[in-house]
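The block underneath contains the structure these notes are about, expressed in structure tokens.
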Amino acid sequence: MYKPKIICLLLGILSGLVFAPTFFIPALLTLSYLCYIVQKSENWQEATKFGYLFGFGHFLSGIYWISIGVSVYIADFWWAIPFALFGLPIVLACFISASCTLSFFAKNNKYYQFIFCLCWVLFEWVRSWIFTGLPWNLIGYAFSFSDILIQPLSIIGIYGLSFIVIYISTSAYPLFSKQFTQLKILLASSVLVLTIIVIYGAVRLSNNHTNFTDIKVRLVQPSIPQTEKWNEEEFWHNLMLHINLSENLEPTDLIIWSEAALVVPDDIPQVKSKLLKMLNSTNAILITGGISDNKKQGDEFELYSAMYALDKNNHKLFEYHKSHLVPFGEYMPLKKILPFKKLTHGLIDYKEGNGGLVYLEKYNLKIKPLICYESIFPDFVRTNNEIADVIINITNDAWYGKSSGPYQHFHISRSRAVENGLPMIRVANNGISAIVDPFGRTIKKLNLNEINGTQGLIPKKLISPTIFSQFGNFTILLLIVFILLINYLLALILDHQRV
């Protein structure tokens, strides 16, 4: 059985290419082989091994770029590179392995393929919250290359779209065992489901043009290398680069800088002077990422990754503290056991904020703030967003260089706009900055490594909230019933034709 194991590993590596930026969609068919080999396994232990090898390859090629982030400070963290490159796939492979183990026990069920899809999505959901969660590269994001194909997110969310993708991708599995009747049913139902998605997405986009508010926003992307971002000698150069990019465009209402754009407190006199000069010359409000603390001393001192707004009168209009922190990056879990420092600058761990919305009174703008990878958590973004007008996502993807990471992050983030029917303003230090409408369409964009600013009007949110934003993942139950009904009807039709 070594040959199937090697095949599973290689196909897993190939399957990781279905995500941004390659979007090699034919690789989704690798899942048909996995579905087949799990069913043909002699015991659950063998099915577990097949799933694990596939999962290891899947995450190895899909999130290899995390090791690039670790290598930024290679002198201090050289030892962590193998853990980032191989250790994370070793852990994450357990979720695909577990889904295969569970599926094996339904190998003789006539709805085996359907159960396989359910198990896959179940463990994607588990992966989104266990051990703080990492719902990166859920299989549904393979469809994010197309504005049309991601429109179902407004109804069924990313887990529902994952179910559709995995269902279509495994529809060819009876081919390996020459079960041609079942193959006809699954292929026919997959074509029908895909056709419905395409029609729904195309009609939804063609019938809904982007409507805009009167609020002008400027996105500033300085693309500062991570090695220079916290360098004291580069501080004034970096600050002036932000300011020059902010001033060198038409008049605007809001200027948005990226995550931790201000690496020092904004009340330092020389810094404050330059910020106020910029804000007075542009007559704009600055929304920026920065570092904040609770103004206490000793053991009570707490440090936060923050997003806040400043006006030309030096008033802080709101302040948001990041509530979903990156383990090992922004804090060290099990710090009493693991004698290591966090990856990001500084010796002190960041503390969690409270999340929630912020309000910009001047423009009557209710904002759902998201810092960095908070945007990858669909349930977190959906929480308390029913009165929000816009999502503002600031990030710093300079860690990952010219790799798959920044592209994947962008497409994952814009999916939240479609799910919630909200426009998204996304600003990266380096990465992909964009204005995205509530249908996920990119209105303005700055590409990876581009040093520039761009601006436009903030799109309006949808008049009515999306079905997903109201009911969340419960809509997946309707999807399951719908696809089961399609399968049942197609089976009846084929039986009637044989008679």
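The backbone N, Cα and C atoms fix where each Cβ goes, and this holds for glycine too.
Some features that Swiss-Prot has for this protein:
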- E259: active site, proton acceptor (ACT_SITE)
- K322: active site (ACT_SITE)
- C372: active site, nucleophile (ACT_SITE)
- 220-465: domain 'CN hydrolase' (DOMAIN)
- 6-26: transmembrane segment (TRANSMEM)
- 50-70: transmembrane segment (TRANSMEM)
- 77-97: transmembrane segment (TRANSMEM)
- 114-134: transmembrane segment (TRANSMEM)
- 148-168: transmembrane segment (TRANSMEM)
- 183-203: transmembrane segment (TRANSMEM)
- 474-494: transmembrane segment (TRANSMEM)
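Positions of Swiss-Prot features highlighted on the structure.
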{"residue": "E259", "record": "active site, proton acceptor", "CB count, 10 Å": "24"}
{"residue": "K322", "record": "active site", "CB count, 10 Å": "26"}
{"residue": "C372", "record": "active site, nucleophile", "CB count, 10 Å": "25"}
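DSSP assigns the residue listed as 'active site, nucleophile' to a helix. The residue listed as 'active site, nucleophile' sits 7 Å from E259 (active site, proton acceptor), taking the Cα positions as reference. In the predicted model, the domain 'CN hydrolase' (220-465) has a mean pLDDT of 92. Tertiary proximity for the transmembrane segment (114-134) is limited to same-chain residues at least six positions away from its ends with a CB under 8 Å from its CB atoms, namely 35, 38-39, 92, 95-96, 98-100, 102-103, 106, 159, 162-163, 166-167, 170, 324, 327, 333, 376-379, 473, 476, 480, 483-484, 487. Contacts between the transmembrane segment (474-494) and the transmembrane segment (148-168): present, as 3 or more C-beta pairs lie under 8 angstroms, all at sequence separation of six or more. Note: the Cα of E259 (active site, proton acceptor) and the Cα of the residue listed as 'active site' are spaced 10 Å from each other. The secondary structure of the residue listed as 'active site, proton acceptor', as reduced to three states from DSSP, is coil rather than helix or strand.
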